[in-house]
Amino acid sequence: MSRTLILAEQLISRPSVTPEDAGCLELLAGRLAPLGFTCERMDSGPDSFRVSNLWARRAAAGGGAPARTLVFAGHTDVVPTGPPEQWSSPPFTPSHRDGRLYGRGASDMKTSIAAFVVAVEEFLAATPEPAIALAFLLTSDEEGPSVDGTKVVVEQLAARGETLDWCIVGEPTSVRKTGDMIKNGRRGTLSGKLTVRGIQGHIAYPQLARNPIHQALPALAELAATEWDRGNDFFPPTSWQISNIHGGTGATNVIPGTVVVDFNFRFCTESTAEGLKTRVHNLLDRHGLEYDLTWTLGGQPFLTTPGELVAAVQQAITDETGITTELSTTGGTSDGRFIARVCPQVIELGPPNATIHKIDEHVVIADVEPLKNIYRRTLERLNAQAAAA
């Protein structure tokens, strides 16, 4: 069995449901410290939701101008398993069947972490004095609130003036085969909770009440039909979607006094959070609604245009697999949104994502070593460029 698979299984066997780390970071620090990494814990959060964070950095070969830094970012936490009896094998017992490795976190994203650790081990064995600095940013709070994880580490790094140049996030980005898709950006996410106030009353006497659902519907229809922007070469147009509508007392003869609507923007770089907020408020005001609206900005959009990192990863994928990879900004958010604040080039690359968060999550074993090799080839290419500069 390959060293990558062995490490992946060791990580999968640790039941690290958010915010638990279950010893994953201790295991990983034990692999990184002998390679010359300085491992620093940056745990955060209240005792009731304590998050484990690791920042591990290895300096470049000494002398000269400040070295550029490549960071691998990942999360050791996983989502809940769902009913264990529905799994074909225990979710935290790594199992091999039909050429696949099964277990919670196999694809999201413990195999990616294992692959990058082994890639770094192989790279440093061949290049013990690299021209670039290497770092790992790992957290146990990506699948949850994402408040005390990567966000906190990035803030601490920024406060002490540490600079990052390239970042690879090990999210499962591939579709059918490892390397067929990478993410070079993500849309922003902006959520709103709208409460429209009316007057509660008997359903037989509407003249004595004011139905907030009826009042809200025209405004909601207009919001749903609005073209917020047209997207661009890298992003689809900004979308607005309702996720929940709550109104009524449960009785069938009462006009409700309020209706609550939860909605979300996934917005591209053609729009801003403040601009979207202003447009929504103007629309609601125009409809004459009596309302309250609270906003939650989950993350700004980010984009890494084709450059050093994208080119290095694309070439590594082609050299290893023969695939011409597709650049994409689709899908949900990731911790890349926090890292992009302090790192100009961020991409995401990992195994196929067809089974993430599902019963019987797995990776195809034949995809594992190519992923490790792609990471190693990327390291080699970026290091060669830095050495030649």
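Using the three backbone atoms N, Cα and C, a Cβ is placed for every residue, glycine included.
As recorded in Swiss-Prot:
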- D77: active site (ACT_SITE)
- E142: active site, proton acceptor (ACT_SITE)
- H75, D108, E171: Zn(2+) 1 binding site (BINDING)
- D108, E143, H357: Zn(2+) 2 binding site (BINDING)
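Structure coloured by features recorded in Swiss-Prot.
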residue	record	DSSP (3 states)
H75	Zn(2+) 1 binding site	strand
D108	Zn(2+) 1 binding site	helix
E142	active site, proton acceptor	coil
E171	Zn(2+) 1 binding site	coil
H357	Zn(2+) 2 binding site	coil
*Listed in sequence order, residues with CB under 8 A of E142 (active site, proton acceptor) and six or more positions away*: T18, H75, D77, G149, T150, S334, D335
*So of D108, E143, E171, which of the binding-site residues has the fewest other Cβ atoms within 10 Å around its own Cβ?*
E143
*Here are some recorded positions: H75, D77, H357. Which one has the most Cβ atoms within 10 Å of its Cβ?*
H75
*asked:* Taking 8 Å from the centroid of the Cβ atoms of D108, E143, H357 as the cut-off, which other residues in that chain fall inside it around the Zn(2+) 2 site?
replied: V78, V79, G105, M109, I356
*How many whole Å apart are the CA atoms of D108 (Zn(2+) 1 binding site) and E143 (Zn(2+) 2 binding site)?*
10
*Taking just the CA atoms, what is the gap between E143 (Zn(2+) 2 binding site) and E171 (Zn(2+) 1 binding site) in Å?*
12
*Using C-alpha atoms only, work out the spacing between E171 (Zn(2+) 1 binding site) and H357 (Zn(2+) 2 binding site) and round it to an integer in Å.*
13
